[in-house]
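Below: one structure, written as structure tokens.
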Amino acid sequence: MRETTGEKIFRTIVLIGLTLFVALPLYVMITTSMKPLGDVQAGFSWLPSTITFQPFIEMWSTVPLARYFMNSLIVTLAATLLSVTVATLAAYAVSRWRFHGRGPFMTTVLSTQMFPGVLFLLPLYLIFVNIDTMFGVPLVGTRIGLTITYLTFSLPFAIWMLVGYFDGIPRELDQAGKVDGAGNLTILLRIILPAARPGIVAVAIYAFMTAWGEVLFASVLTTEDTRTLAVGLQQYSTQTNVYWNQVLAASLAVSIPVVAGFLMMQKNFVAGLTAGAVK
Amino acid sequence: MSSLTAPEDTTTPPKRPDARPPRRPRRHLFPYLIIAPAVLLELLIHIIPMATGFWMSFVELTKFFIRRWLEAPFVGLENYSIAIDLNTPVGQELLNSFLVTVGFTALVVGLSWGLGMAAAVALQRPFRGRGVFRTLFLIPYALPLYASVITWNFMLQRDTGVINHVLVDQLGILEDAPFWLIGDNAFVSVVVVAIWRMWPFAFLMFMAGLQSIPGELYEASAIDGAGPTRQWRSITLPMLAPVNQTMLLVMFLWVFNDFNTPYVLFGSAQPPAGDLISFHIYNASFLSWDFGVGSAMSVLLLLFLLAVSLVYLYFTQWKKEKRNA
């Protein structure tokens, strides 16, 4: 079937418009990160007067960026690992067995996924404060506390998506495993996991991205020592100056690994994300 | 969800001559065992906090009681009446924030939907460079939120930002360089930034949905003389209905609850025109340390979202059943 002229014009307009819209911030971020501070303060210019990589060096000392980076990395990896593991086990149970409480469990999981974060923030904050005063277990301002709260976003989504994925894996495979004398855990590890790998990867990416970009809980539940990138980046502004070139250099630096990872896994992610929605 | 019975839940297991005796108890214990961590975590991160939040909305939880909040006095519905009393600044601000959020959500969801659909349709046919556009359009979705919103904050600065540079200096559309992050313009700013982040999600979902439409449908309709607009209305839209239904609800809830965009864009001093509701509740709670009223506002927000979702699901499911009947 041939493309009409109208379709070509439509396509060209849409692609040019959206490309400008999407690319403008990316262009500004990249070029500004290579400008001297004087350039930035003199008003916007499309090109740097001189290209400098100084902002990428100075950004580490203006704020303790390395510490924030490590905090983000630890919390994000812990949240990702925990939610993927817990969700995989739960989704296997829900997908392969009928048991008491299965329906209510899934309803809870589905509905909590949608609730506003601020709804959980106040109670979690108070519960953490209370656990601290009653049992002496510090959670406010610790990485463990933050990791637990990040599960509020990633766990329901992970369970919901993996159940859909596991349901799509034919039960004949499980039965073949059974006949060979494999136990339930062996079937999960040897048959289900490999077959559901795209879904598990998608869930992991989602958990990583939400935790890496989260701001609300991090702003309340961290202290100077445990602050994550999301909150830490705001400290490039002093009372007299905003070090815009360094802010954007740091933003660029923390974005590149995430964006690269996402684009590499893109196909998995799309397939996984839509598996639940399209059905 | 499939309604097949689990392999070992069948009443009569396949008889094999050397079959081992059935291991009944373990068989029934296993699903409970592996779901236990998820149930415990759900209790800890969702159920208990929600019950606590509900209870918090009925007690006086000001800064005097934060450290020993279990002793906070019960005040009944007082927090709710404070939250919605339109004769006080608290009530007026909450109403303003709610209305701002409704407008924000309608614009962001609507325009993201349109842009995502346009991009997906434009990229439906193979052509040279399709992969480049596909990748480029997904970048805003993959970028960490604060990185992109901080960049927008810089772009919207009055004296050093690219937006005023283009609008005032280069195109001369505006005379005086306006402030974009304070005053009424703040609404426009937060809408544009949120769309920039949200539309690639719609694009992603539509792209995947389009792949499931068989090409023969378009060919057959072209033979019958249908043009692109007619094809879009009669084939593309109906075939995308299941994707649409889930996606609109999810986007509505995400956008309505958006805290991060205004927080990073405006800092702690959000202008009334950009005072989105999650951010408003956060400020009402942590700036004035009145968790009771903050919780009452959260519960009201939850009830509103729940009501909208249920009405939405009722109508979409009802329509589906009618179609199938």
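Backbone N, Cα and C atoms are what each Cβ position is placed from, and that goes for glycine too.
Annotated region 'Disordered' per TrEMBL: B:1-24, in sequence order.
Under the heading compositional bias 'Polar residues', TrEMBL lists B:1-12.
Marked as transmembrane segment by TrEMBL: B:29-48 (among others).
TrEMBL lists B:98-123 (among others) with the feature transmembrane segment.
Residues or ranges marked as domain 'ABC transmembrane type-1' in TrEMBL: B:98-312.
Sequence-distant neighbours of the transmembrane segment (B:135-157) (same chain, 6+ residues past either end, Cβ-Cβ under 8 Å): 119, 163-164, 180-181, 189, 192-193, 196-197, 199-201, 203-204, 260-261, 264-265. The transmembrane segment feature in TrEMBL is assigned to B:135-157 (among others).
Beyond the transmembrane segment (B:177-199), the same-chain residues lying 6 or more positions past its ends with a Cβ under 8 Å from any Cβ of the stretch are 100, 103-104, 107-109, 111-112, 115-116, 119, 140-141, 143, 145, 148-149, 152-153, 156-159, 161, 163-164, 168, 251, 254-255, 258, 261-262, 265-266, 270-271, 273-274, 276. Sequence annotations record features per position, and here TrEMBL assigns transmembrane segment to B:177-199 (among others).
Long-range neighbours of the transmembrane segment (B:237-256) within the same chain, counting only residues 6 or more positions beyond its ends whose Cβ lies under 8 Å from a Cβ of the stretch, are 101, 104-105, 108-109, 112-113, 194, 198, 201-202, 205-206, 208-210, 212-213, 217, 277, 305, 308-309, 312-313, 316. Annotated transmembrane segment per TrEMBL: B:237-256 (among others), in sequence order.
Counting only same-chain residues 6+ beyond the ends of the transmembrane segment (B:291-315), those with a CB under 8 A from a CB of the stretch are 53-54, 56-62, 66, 69, 72, 75, 79-80, 82-84, 90, 94, 248-249, 252-253, 256-257, 277-278, 280-282, 284-285. As annotated by TrEMBL, transmembrane segment applies to B:291-315 (among others).
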